[in-house]
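This report concerns only the one structure given below.
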């Protein structure tokens, strides 16, 4: 658990539970469920680290993240009978993970002295691509490409992040506001069925 | 736009438009369309750079490529109503991109002092794997694996490239001939329905 | 063939043949079949090398591995008519490859001075992810996620490996026992239809 921070722990746990429920919908066995939870939680950060050359990837040496995935998967399996609607639970934990991991990705970019545009790209990759790899592995069309507001939420949150920072707001409140923006906007967009235009619908 | 050359600009634009039309066929929203265009145009080069250890990847820091993808996607969306047959347009731009990016990949290999065989492999990866990742993301079986002449075209073009170079032809005409060979061979192979044998058809 | 060892040669050949038969089931053309064989045999090791930062990947410069894939694919194509049941052949060679590549991955970890847990993770990634990428490319749900004992076999073999090593058994017999454990356990688990629980079956 050496270098994991609270924000990473919460994001990892949330995405692991989301992954566990996605795997349940496809009736995988317990090990397949763990792998899918692992991919969902750590896939985005792994892709980010590969793209920026931060290898060897941390989870190969530090077992904190893997342990959180394991415990979250077990929790997800134990509480499954209490849950009526897998899809809503998946949505809730996915939104939490989306918010926390966007902030983690932006922090990575800032710590490398990157331009805000690059930081937002890293945040979006960190938050979204675990789910993309999960969906591809389960033969689903990735959520990110569907007519739902998904990656757009991360970009919106990242933009809010750098506007507030530019205005002189201290880092901690900026991170919290960014996080809440993403979680709330994601949940509201699903509840009220907001979506981006698919302008060729008319054809 | 710092270090983009004409050949990369044309290849990126062509693959972005091909990606835009592939996304239209699946009726994605505008943001999903942009991501698919981005993956199609930059996925092959990104995989190449990861395999040869040229990270951090360039597009995280230089926004020229991303801008070309954005403009090409917008152009594709604007002109969509003028187009009767998405599939033919996709094929045309895909062939252009295939030719240009094979040359880009071969140049990368040459600049690293690699053996012609490795250069041809890099050219093929650069040209083909953006489309592979796009097709997997859209739950299509990748074009490269279907009964169409696809990656074979890049290998043919690459072979022509190094034979001409060996014969003492200067670099620029070699690149142009390689490029034309690939584009024409790809278009002809689809028009006349050439394909490699699937010898187990008899079983 | 510079730095390929017997264990890698056998694993590469076995996975190439398994890949060839998986491609046959989908009736790909000869080039697509070669690419699928290549991905099956070298995909897991490539992912491992990317994750630990061992790039440029070896097969871009040393053609031994590619040559083995080519010869194995040709052998698979030539002998296809002698074979009644593609699926059983695929299973057999897949099990052989699984055993050999788990040992190769563990050796990689040991040579980098990694902890046994990390070595077992590398062994499992090396052995399993070529097949995962193959299955995703062919639009199959990856075997690793299905209700079959698959990755679990590699973890079991890896655990046996380090227990024996801890007990003072010399390296060579340890490797052979690990390998046999994996191949036999995999074959027996399919024959007797062992599987991990899918505890939500009751819902």
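One is the number of the first residue shown, and numbering goes on along the chain from there.
Cβ coordinates come from backbone N, Cα and C, glycine included.
Annotation source TrEMBL lists transmembrane segment at B:6-23 (among others).
Annotated domain 'Glycine transporter' per TrEMBL: B:6-76 (among others), in sequence order.
If you look up TrEMBL, you'll see B:30-47 (among others) marked as transmembrane segment.
Sequence-distant neighbours of the transmembrane segment (B:59-79) (same chain, 6+ residues past either end, Cβ-Cβ under 8 Å): 1-4, 8-9, 12-13, 16-17, 19-21, 24, 30, 33-34, 37-38, 41-42, 46. Here TrEMBL flags B:59-79 (among others) as transmembrane segment.
If you look up TrEMBL, you'll see B:91-114 (among others) marked as transmembrane segment. Counting only same-chain residues 6+ beyond the ends of the transmembrane segment (B:91-114), those with a CB under 8 A from a CB of the stretch are 7-8, 10-12, 14-15, 17-18, 21, 40-41, 44-45, 48, 52, 120-128, 130-131, 150, 153-154, 157-158, 161, 175, 178-183, 186-187, 190.
Annotated domain 'Glycine transporter' per TrEMBL: B:92-164 (among others), in sequence order.
Residues annotated as transmembrane segment in TrEMBL: B:120-137 (among others).
Residues annotated as transmembrane segment in TrEMBL: B:149-165 (among others).
What TrEMBL lists as transmembrane segment is B:171-188 (among others). For the transmembrane segment (B:171-188), the list of distant contacts is 7, 91-92, 94-96, 98-100, 102-103, 106-107, 127, 149-150, 153-154, 156-158, 160-161, 164-165, 194: same-chain residues at least six beyond its ends, Cβ to Cβ under 8 Å.
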> Quick one: DSSP breakdown of the domain 'Glycine transporter' (B:6-76) into helix, strand and coil?
Replying inline: 59 helix, 0 strand, 12 coil
>> From the DSSP assignment alone, can you count helix, strand and coil residues within the domain 'Glycine transporter' (B:92-164)?
In response: 59 helix, 0 strand, 14 coil
